[in-house]
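Worksheet for the structure shown next.
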Amino acid sequence: MVMKIFFPQCCNLADSGLLVGRWISGHDSAVVLAVIHYPFIPGQVKEYIQQVSASGVELSVLGSWSLPKDGQEGMDSFLKDLSTIFPQERWLQIRRQIGKTGFTCEILSQDQSKTLRFNFSSEVSVESQCKHVCCLFLTCCFLPLSQMFQTVACSQPLFFLDKYDDGPLKSTHWQSQGREASIIVELLKQSSTPLCLLITWLLSIWTWICNMRFFSLYPLRFLSSKLSTCVQLSYRTEHMRTLSSPKTAVGHMHFMRKASIFVSFLVDVALGMLLMSWLYRDNHITMLANTLVPAADHVAKNLEELLQWLMGAPAGLKMNRALDQVLGRFFLYHIHLWISYIHLMSPFIEGILWYGGLSACFGLTFALSLLSDMVALFTFHIYCFYVYGARLYCLKIYGLSSLWRLFRGKKWNVLRQRVDSCSYDLDQLFIGTLLFTILLFLLPTTALYYLVFTLLRLVVVLFQGILHLSVDFINSFPLFAVGLRIFRPYRLAEGVKFRVLSQEPGTALHLMMEMNPLKVSTVVQTYRTPTYSCYPKDSWVALMKKLFVGELIYPWRHKSTKTD
């Protein structure tokens with residue numbers, strides 16, 4: 001007969017008592033879940049087993065566990081006699097020998113006419129999804145592991161701990177060492193119910209305010225979709241709605257997502273509090289305000305010098321003087337307007353920073369999003385220069401491409417979206433040649449201004465991109481799943497593997513079943529919270545094409561952009 005027994009490693013040093021578990025019919029296998037310590041009253045044990053079984057878990061007393069101690073010489077015979085009080089078809093008697101690492105197991109049949117004895121090592125272990133560490137005995141076949149894992153997973157009422165005292169029965173199982181943590185978790189679950197109701201009520205009020213007709217107007221709706229602070233606020237609202245939902249997690253993925261959002265929210269708020277403590281200590285906000293206006297003046301002065309250089313002969317290039325002077329004076333006028341605007345706002349900058357720093361109490365992501373919006377506001381003149389240069393350059397590029405098709409007797413078919421043949425008369429060819437010549441000779445001057453302001457714009461976009469990536473990293477990184485993978489790798493497993501521990505003649509084959517944890521990269525990809533960075537991005541080829549033809553580059557994503 002092939003007998004397979006799964007014994008918890010956490011019970012190796014448990015006091016003598018009764019083995020509680022389940023026989024798996026059809027496989028001659030037993031899964032031991034816990035050890036009830038001596039002393040106990042058999043009637044209380046039966047009542048306890050009935051209470052646990054009433055919750056849908058079929059448990060029974062499998063046998064006895066004996067760990068010899070001083071003053072307990074007759075414990076083995078006493079535990080053997082308990083087989084008459086807890087009648088079972090087979091009664092397990094597992095004892096640990098003094099001075100040896102191995103165990104001795106006896107299986108008594110119902111009529112006690114047959115006794116099976118064999119030894120096994122206490123180092124043989126199996127680690128399941130619920131950290132149920134067991135000993136495995138195999139000779140020619142394997143127990144369906146799914147049934148063993150299902151038995152442990154369905155036995156949660158046996159491991160449920162909501163109070164510090166066990167009551168009349170003391171037991172040892174895989175959660176016995178984490179009793180304090182389990183009690184704290186249960187208390188937090190009970191106290192979170194009114195908090196979730198309060199958050200749900202506040203979110204309903206916030207949703208009602210956001211759905212007001214005033215906020216549906218086009219300017220406000222457009223600004224809210226482009227400002228990083230508003231976008232982050234919408235993400236946080238969605239996250240809080242997920243966390244405060246009274247419904248329990250439907251599955252494993254839903255639970256991991258809620259846990260990751262909760263941990264990310266706590267880390268975000270903690271980092272925001274650290275930032276606030278630094279801002280409002282040692283008068284750092286005043287120092288930042290006093291540094292910001294001189295920095296803006298310095299940037300404006302460098303832009304003026306750059307425009308003066310472009311209006312001359314930059315790098316010895318021969319520019320169109322008339323167009324060069326017009327563009328240079330146009331941009332210089334915008335710089336003077338911007339300097340006047342900065343000095344007009346300088347008395348209010350400290351107050352803006354002081355009240356803006358309070359947003360860090362909602363999390364570091366809010367502070368970074370607000371910083372991104374402030375950078376966009378203070379570099380608005382660079383954005384205007386870039387738009388003017390890009391539009392003018394794009395107009396000339398598309399004009400030259402259209403006139404080049406005219407020379408070849410081609411035209412762009414708007415309906416069919418293709419290039420077709422076309423015949424032109426002499427006047428059309430003459431005007432086309434004249435316009436092509438003008439645009440071609442004016443192109444270097446326009447391209448130089450476009451190149452300079454595009455580089456400035458890319459520097460600003462790069463800085464904003466770093467801020468957006470930082471915000472997205474905090475929002476989407478599955479910190480809970482990664483921590484679980486590092487400290488509890490058996491929780492996130494992708495399979496099992498077997499390793500031979502000992503193989504002696506005349507004894508059972510000892511195998512170690514170990515869990516294969518998921519790779520960290522797989523954990524991040526699987527449990528990452530979806531955000532805008534999780535969607536497909538434009539390739540570098542598409543970006544270079546946009547820069548070459550003069551299309552505008554924005555740090556945000558267009559809703560009309562189609563992705564595969």
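A Cβ is built for glycine as well, from the same backbone N, Cα and C atoms used for every other residue.
Now, the feature entries from TrEMBL:
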- 198-218: transmembrane segment (TRANSMEM)
- 261-280: transmembrane segment (TRANSMEM)
- 326-345: transmembrane segment (TRANSMEM)
- 352-379: transmembrane segment (TRANSMEM)
- 385-407: transmembrane segment (TRANSMEM)
- 428-452: transmembrane segment (TRANSMEM)
- 458-482: transmembrane segment (TRANSMEM)
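Non-local neighbours of the transmembrane segment (352-379) in the same chain are 227-229, 231-233, 236, 265, 268-269, 271-273, 275-276, 279-280, 285, 288-289, 292, 296, 342, 460, 463-464, 467-468, 470-471, 474-475; each lies 6+ residues outside the stretch with a CB under 8 Å from one of its CB atoms.
Away from its own ends, the transmembrane segment (458-482) comes close to residues 228, 232, 235, 239, 256, 259-260, 262-264, 267-268, 271, 363-365, 368-369, 371-372, 375-376, 379, 382-383, 492, 520, 523-524, 526-534, 553, 555 of its chain (Cβ-Cβ under 8 Å, at least six residues beyond either end). Within the chain carrying the transmembrane segment (385-407), a Cβ under 8 angstroms from the stretch's Cβ atoms is held by residues 330-331, 334, 419, 424, 428-429, 432-433, 435-436, 439-440, 442-443, 446-447, 449-450, 452-454, 456-457, 549-552, all 6 or more beyond its ends. Below 8 angstroms of C-beta separation, residues 293, 296-297, 300, 303-304, 307-308, 310-311, 378, 380-381, 384-385, 388, 445-446, 449 of the same chain, each at least six residues beyond the ends of the transmembrane segment (326-345), sit close to that stretch.
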